[in-house]
Amino acid sequence: MAASRKREMSASSRRDRFSTLSDDVLGHVLSFLPTKEAACAAILSRRWRYVFGSVHTISFEETEGERASDWTTWFHETLELKSCSDELLDNVGAALLCRRRCAGLPVPLRSLRFAFDKWHRWDGVAVDQWLSYVLTHRRGGDQPGLHLDMRFHLGPVCASEQDPGAKYYMNDSDDSSEADSDSESGKQGPSWRYLLPRSLFSCTALRTLCVTHCRLKLRRQGMAIELPLLETMRLTAITDSGRSIQRLISSCPRLADLTLESLWKLETISVHDKRLRRFSIRCCHKLTSADIDASELRSLDYKGFVPRESLLSLHGTPTNIPSCTIDFCQPFYEEEELAWFGDFLNKIPAVTHLHLHLESLENRFIELVEFPLFSYLTRLTLRGCIDCDHTIDTVRWILELTPNLEVLTLQVMKSDEVDEIAHHDESSFLIPCLQQRTWEITIENYEGIQSEKILAKLLLRNALVLERASSSETHLDRDRAATHVASSSTSCLLHRRNTVDAISSSSSSSSAATLNITLSEKLTRDNFLLWQTQVLPEIRGAQLFGYLDGSYAEPEKELQTKDKDGVEVKIPNPEHAR
């Protein structure tokens, strides 16, 4: 009896219970894997042979620059019209054909994502077939929504970025006439961009539409737009006129997330009849007016030149926007531009999370502009070059406007020219937020130049309630260690992703109870003694507990040395005995 029960329990433990799940459940699980890995599940057993037909997400992408040297292939294979993106075309086509073979399965396609490094019009036939299949089988009803992400070019799209690949695509829109955006003629104009099919704009199941470097052509005769469920839209580098883009936006009653990027013909935009929760304008340099209902806006993202006062009009209750990102394509120094910048910030006085990206934080006139007091701001991210005295003064001045700041992040950009930095009085950084509120400071891309060291020392020495200081650096120097921790902090966790170079050359003592150093470099028996003898003694209260993967180091049991006769011998390692 006991033996048979044991055999039954053994057989039960060997049973593959995962394979007993239904195809739709297994397909849902596999949908969270990369599409190629999900397809490999078919080789597990006969039971898994057709499970891929229940995977509801298909995603294949090329990498940026993958098609950069393919012009010779195009030249030699012009007569065959053979695409250089054959791998991408074959993968997407095979995935959709597998679903077609399993047509009896009840799982509809939820997401289709593909990205060409550089689309060619020869690929248009294949893309037409993909969309025809997807849109034919998705006509709304009670099925989950459809998400489409179609990118026909990878690379920079901003006109201010002097990139040859970006220039090629921007030249398509040099002619500002609306007729050209709808024209099918020409060999180097907009006709080389993919034209989205008419059926796409009447897909009632569509919830997400993200398109890059293509054409809409919404002025076609009898063109109807019906997108009742669309919630997220991202339009990047579209050559159509601003009137067509406005019509598309107005035809989406449930639109909540809108991103407009590098739309060179867009001059005005109005979104009054929708409650957007996220609105993003990026590199639309010809845009002069944007009227938005900000009653429920939670996130605002702007990238471009310094906006004029009349550019953005927020209606409703815009002062409650919690998150905002501001990024400028070019540095600005004129007093008029500073005034525009101040007016823009006055539109978001109640922001709690602010990302401020400037190519250069240096501006000796910035204190002359009346900026608002960000009383509600708790998280601040500053990105720019730290290369002179004025940069440090700008950071100090910005911190004075944030009395309740808790988390500060500095993203340091590389500068070609670095000025000599004069001595800065530590009392100039006796800022209320540092002494009373700020508990975390992060410095990214730290290189250890003089200006960065001075700014880091001023911040850390005056952060009296600091609990976490994090630094990611760009070079490896194991001979110098962090010798300064902010005073009065109970615990300081110092992350060194690529180096242990000192944040500050100061050797002042710290009142921190514990300093834990986490390293990304692997601790070995060779470098453990170096850390223990040269680095740790210089840091008060430091404890070395391994590196990021949680491993621990162990010194050699024996050391190799020479005796008085010069013969190499091995002796017990006293460090290992400890």
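Glycine residues also receive a Cβ, built from the backbone N, Cα and C atoms like all the rest.
Some features that TrEMBL has for this protein:
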type	residues	note
DOMAIN	18-55	domain 'F-box'
REGION	169-190	region 'Disordered'
COMPBIAS	172-183	compositional bias 'Acidic residues'
DOMAIN	192-300	domain 'F-box/LRR-repeat protein 15/At3g58940/PEG3-like LRR'
REGION	556-578	region 'Disordered'
Check: Where DSSP helix means H, G or I and strand means E or B, what are the helix, strand and coil counts for the domain 'F-box' (18-55)?
Finding: 27 helix, 0 strand, 11 coil
Checklist line | Three-state composition of the domain 'F-box/LRR-repeat protein 15/At3g58940/PEG3-like LRR' (192-300), taking helix and strand from DSSP | finding: 15 helix, 37 strand, 57 coil
Checklist line | Whole-number mean of pLDDT values that fall within the domain 'F-box' (18-55) | finding: 82
